[in-house]
Amino acid sequence: MIEDKEIYNSIQSEARRQKEGLELIASENYVSSDVLEALGSILTNKYSEGMVNKRYYGGNQFIDEIETTAVNRAKQIFGVDHVNVQPYSGSPANLAVYFALLNPGDKVMGLNLYFGGHLTHGWKVNITGKYFNSVQYETGRDGLLDYDMLEKQVKEEKPKLLFCGATAYPRLYDYKRLVEIAHSVDAYFVADIAHECGLIAAKVIPSPVGFADVITTTTHKTLRGPRGGMIMCNGNPSEPLRPLVEGADPRRNLPTLIDRAVFPGLQGGPHNNTTAAIAVALGEAMKPEFVEYANQILKNAKKLSEKLMEYDFNLISGGTDNHLMLVDLANKNITGKQAEETLEKVGITVNKNTIPFDERKPWDPSGIRIGTPALTTRGMKEKEMEIVAQFIDRALKNPSDDNLEKIRLEVKEFTKDFPIPGIDNI
Ligand code: DSN
């Protein structure tokens with residue numbers, strides 16, 4: 001038990017909030033007790049700037065073992081030549097890719113934030129939109145990527161790097177078409193799979209491996225690891241030094257460029273406790289139970305989306321192929337912010353989200369984003385999704401204090417049968 005009462009009490013309160021509520025934020029999850037243990041270990045005491053067998057500090061023999069295990073597991077799961085597991089999270093991973101492959105002012109293209117894209121894919125207030133010449137692409141009116149429109153834009157703009165990936169895109173990507181589009185103007189094609197990483201690891205949705213020049217990801221969403229990041233690529237790494245091959249096709253140099261961009265380009269010492277926890281999560285992702293888990297995420301998302309549509313919720317693109325859905329609330333006469341706040345009162349956590357062509361701002365947009373990875377970790381299945389959809393509908397239909405309090409108690413009771421690892425004794 002932590003002696004510091006102030007922090008201890010806040011952690012206990014957060015644990016209670018997690019236990020008694022329904023977590024529907026599409027990017028969140030619950031890690032296993034083993035991941036928690038690795039994360040809270042003495043590995044946080046150690047400095048290990050550099051790469052395996054090439055550290056700037058002594059005493060790293062066991063850290064090297066751990067990082068090697070994490071890297072080898074990721075290589076095996078995703079089928080890539082090279083993995084860097086040191087990025088502190090997804091945004092630093094993406095920034096390292098810019099630093100590795102571009103010069104300041106070079107042109108990049110990514111999906112516009114309003115259409116589901118990520119801040120680090122060139123959004124105007126992000127460093128990637130300020131230090132690079134960012135041109136954004138959009139979805140069509142139907143909320144789906146329009147590959148013909150994208151191809152035309154890429155051919156006109158001729159970016160040096162094309163990002164795909166999103167925080168709020170409920171459909172799958174045509175990676176083959178995307179790489180053809182990017183390579184037609186000699187641009188790097190980078191796939192950010194932060195959201196779908198666990199689904200790709202379990203092979204329940206298509207992988208960009210074999211298409212993307214570089215793949216970035218977080219490790220804490222569907223992969224169900226600690227907060228961290230990874231960068232994967234193919235290339236001809238000449239272990240152990242991986243020198244740049246002078247005059248070679250830059251794609252041949254990708255492993256070296258990426259490693260140098262992460263350290264010393266962008267970061268100092270890796271977070272070794274996180275690396276160990278990533279290794280544990282990757283080990284878990286190699287088990288057959290994880291494939292079942294990933295399949296169930298998809299089934300739950302399908303069921304939840306169907307039930308919400310039955311309750312006349314308008315889903316962007318008419319449904320989902322992955323773990324998340326995006327709800328346009330215009331026909332319900334509430335904003336995303338109001339919906340988020342109302343649902344929070346009953347213990348249901350979602351996030352407000354812009355929708356394609358939103359006329360409102362991200363702080364109070366027209367939609368909400370809903371995802372199933374966390375509830376699936378708690379063991380919920382399709383029949384529970386029907387009840388969750390009902391809770392959402394009842395709360396948003398009648399947000400009176402009495403009704404919300406009644407639903408809050410029902411939600412609390414409902415969660416009792418679905419434990420969260422590491423939160424048993426609250
Ligand atoms: N964490 C991402 C998400 O919620 O999708 C945004 O950075």
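Cβ from N, Cα, C; glycine included.
In the three-state DSSP classification, His118 ((6S)-5,6,7,8-tetrahydrofolate binding site) falls within coil. Among the features that TrEMBL reports, (6S)-5,6,7,8-tetrahydrofolate binding site is placed at Leu113, Gly117, His118, Leu119, Glu239.
Marked as domain 'Serine hydroxymethyltransferase-like' by TrEMBL: 3-392.
DSSP classifies Lys221 (N6-(pyridoxal phosphate)lysine) as coil under the three-state reduction. Counting every protein chain shown, the Cβ of Lys221 (N6-(pyridoxal phosphate)lysine) has 28 other Cβ atoms within 10 Å. The N6-(pyridoxal phosphate)lysine annotation in TrEMBL covers Lys221.
Here TrEMBL flags His220 as site 'Plays an important role in substrate specificity'. Sequence-distant neighbours of His220 (site 'Plays an important role in substrate specificity') (same chain, 6+ residues apart, CB-CB distance under 8 A): Ser27, Glu28, Asn29, Val31, Ser89, Pro226, Arg227, Gly228.
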Ten-angstrom check, please: count other Cβ atoms within 10 Å of the Cβ of Leu119 ((6S)-5,6,7,8-tetrahydrofolate binding site), all chains counted. 18
Tell me, how many other CB atoms lie within 10 A of the CB of Leu113 ((6S)-5,6,7,8-tetrahydrofolate binding site), whichever protein chain they belong to? 23
Taking only the Cα atoms, work out how far Leu119 ((6S)-5,6,7,8-tetrahydrofolate binding site) lies from Lys221 (N6-(pyridoxal phosphate)lysine), in Å, as a whole number. 17
Just how many other Cβ atoms lie inside 10 Å of the Cβ on His118 ((6S)-5,6,7,8-tetrahydrofolate binding site)? 23
May I ask you to report the DSSP-based helix, strand or coil state of Leu113 ((6S)-5,6,7,8-tetrahydrofolate binding site)? helix
